[in-house]
């Protein structure tokens with residue numbers, strides 16, 4: 001149910017800012033996609049070959065259509081990459097990022113066979129939580145919004161109407177009782193803290209109130225004269241520098257699950273009623289242990305709700321807080337969008353099945369908890385949308401993939417093709433070779449490539465084979481590395497950077513050489529056991545793997561097989577079809593394929609040096625903190641789209657004295673940003689990591705100046 005709001009959304013045009021113009025197949029694809037959507041087609045498919053610029057095409061399409069857009073990606077890392085690309089292409093519009101805010105999540109579960117109860121355990125990433133709030137804030141206040149999300153967007157997200165109703169509007173000249181205003185901030189889950197000013201808190205100094213919204217990087221200052229708001233301003237939370245003077249601002253709740261006293265009391269009464277009914281049912285079935293367990297757990301939760309307004313696992317009572325009937329769908333991010341929003345599903349061959357699978361996986365775990373007295377039946381209604389419910393809530397959809405699935409193709413009136421690359425690069429030549437003598441042949445091909453300073457990817461079916469092959473190559477003196485699931489994320493980044501930099505020549509892997517790897521130096525992809533049918537050698541998997549050689553002018557794919565399977569035939573035919581079309585286009589237009597030159601980010605080494613320097617500057621306390629913190633979820637930007645980030649804010653305001661920032665607070669910020677810098681690099685977010693590195697360097701310089709001046 002979409003919320004009814006008095007807020008008038010600001011209207012600014014979507015505008016792509018890029019030094020490049022659409023080229024290759026892009027102009028035709030953009031025009032055709034826009035035409036089909038404007039003609040009212042509900043489902044449109046863009047079949048875009050690897051490296052043809054599908055993200056840029058999507059941005060130009062949004063510019064033509066001028067509609068709020070939700071872009072769904074299959075995982076957090078791809079969502080972060082997309083958000084970065086859209087932010088670069090549409091710098092003047094709100095590009096938001098909405099994924100699960102858990103760095104670590106162990107769901108509550110019960111295993112009847114061993115009578116094992118597993119408690120819920122999780123770690124929340126505060127920056128990702130801020131970005132989630134920023135997304136809903138943008139959707140409610142403006143129309144030029146693109147939200148890049150994972151399947152997290154189909155999970156329950158409080159009650160949008162309650163979220164809007166409890167928002168606090170502030171306008172210069174309006175009258176507000178000061179104490180009543182403070183009570184309203186507390187009601188929407190902001191905490192008063194006059195000592196440590198952090199996100200989600202407010203502080204009071206005489207007639208001045210400062211509040212730090214959970215979705216912003218900048219704080220808000222409210223200056224009052226009696227009961228009248230005299231001035232509103234946006235300021236930097238650390239330095240106190242005024243960034244802008246405002247006439248009107250909105251403060252949204254600090255939680256999407258905000259509930260007023262009346263709603264809370266009604267929910268508690270409903271929970272008590274459901275508990276009584278369920279206990280009677282269990283006792284009739286002779287399940288006395290389950291009844292006792294449920295009584296103890298639920299009465300404790302009810303008492304916690306009455307005393308502090310929340311409890312552990314409060315999301316399991318969301319049906320009662322939302323006032324929904326059993327079985328009805330939850331409110332999700334989709335309900336925050338205006339009615340005419342556009343949905344874009346990236347890598348649709350992966351994402352569409354993922355959306356459909358979410359509900360059953362969640363429900364089977366919760367049914368066990370309900371059956372054994374750990375949860376009330378209403379816990380089953382704290383769930384993601386079912387596929388049918390998801391379809392009811394979306395309007396027009398554009399599916400993007402190099403290998404669209406049967407579902408997308410069956411719903412559209414033929415796919416819009418984007419086969420020609422702006423660089424003129426063509427799909428690699430596919431060569432099928434017999435398995436007899438395959439390793440000797442592969443060694444010969446590797447030697448040919450290394451002589452030309454090119455790189456090779458080798459994909460095997462099993463971990464054992466990959467290990468044995470790597471050992472054999474080492475014996476032959478080939479510079480080789482092995483990429484597998486046991487390699488941690490940061491080391492994986494280093495391996496890919498080292499391959500591109502030429503520190504070694506061959507990378508052996510299993511299923512890690514498909515979507516998301518951008519390696520222009522790779523001229524040969526070798527697929528061993530290509531004729532062994534299964535998930536890793538399906539038509540879709542083979543096309544995706546072939547795409548890894550599509551960024552090199554002399555790219556080739558060698559499939560080692562004794563027979564041509566239907567999957568191989570499909571992949572080879574599709575690759576040849578695209579290749580013929582690309583070669584014909586280049587010939588007709590006099591295009592000379594240009595090698596893709598991408599800067600090799602040596603950010604990993606820089607981060608390691610920055611880490612050592614930070615440790616020397618901050619001492620042993622930093623080392624302990626560093627060891628205690630895990631890698632965070634990928635985040636697409638250091639600062640909010642609307643504010644330009646903390647660094648930009650400082651750049652816009654006048655310089656302040658070094659003494660304006662306490663040394664302890666500065667050291668804490670250096671520590672926090674260094675952790676985020678490492679996390680960004682671990683998720684291949686090199687631009688963010690570089691920006692964070694610059695920020696850390698600036699702060700360390702400031703701290704050293706303070707120490708030299710005897711101020712720290």
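Note: Cβ is positioned from N, Cα and C throughout, glycine not excepted.
Positions annotated as ATP binding site by Swiss-Prot: 48, 49, 50, 51, 52, 53, 54, 55. Taking Cβ-Cβ distances under 8 Å and a sequence separation of 6 or more, the neighbours of residue 54 (ATP binding site) in its chain are 46, 48, 346, 400, 418.
For 35-421, the entry in Swiss-Prot reads domain 'Helicase ATP-binding'.
The domain 'Helicase C-terminal' annotation in Swiss-Prot covers 438-604, and the record cites sequence analysis as its basis.
As annotated by Swiss-Prot, domain 'UVR' applies to 667-702, with the evidence given as sequence analysis. Averaged over the domain 'UVR' (667-702), the predicted model reaches a pLDDT of 75.
Marked as region 'Disordered' by Swiss-Prot: 625-655.
The motif 'Beta-hairpin' (101-124): residue composition by secondary structure is 3 helix, 15 strand, 6 coil, according to DSSP. Sequence annotations record features per position, and here Swiss-Prot assigns motif 'Beta-hairpin' to 101-124.
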Can you list the residues of the same chain, besides 48, 49, 50, 51, 52, 53, 54, 55, whose Cβ falls within 8 Å of the ATP site's Cβ centroid?
57, 402, 418, 421
On a count of neighbouring CB atoms within 10 A, which of the binding-site residues 50, 52, 55 is highest?
52
Using all protein chains shown, find which of the binding-site residues 48, 51 scores highest when you count other CB atoms within 10 A of its CB.
48
Where DSSP helix means H, G or I and strand means E or B, what are the helix, strand and coil counts for the domain 'UVR' (667-702)?
33 helix, 0 strand, 3 coil
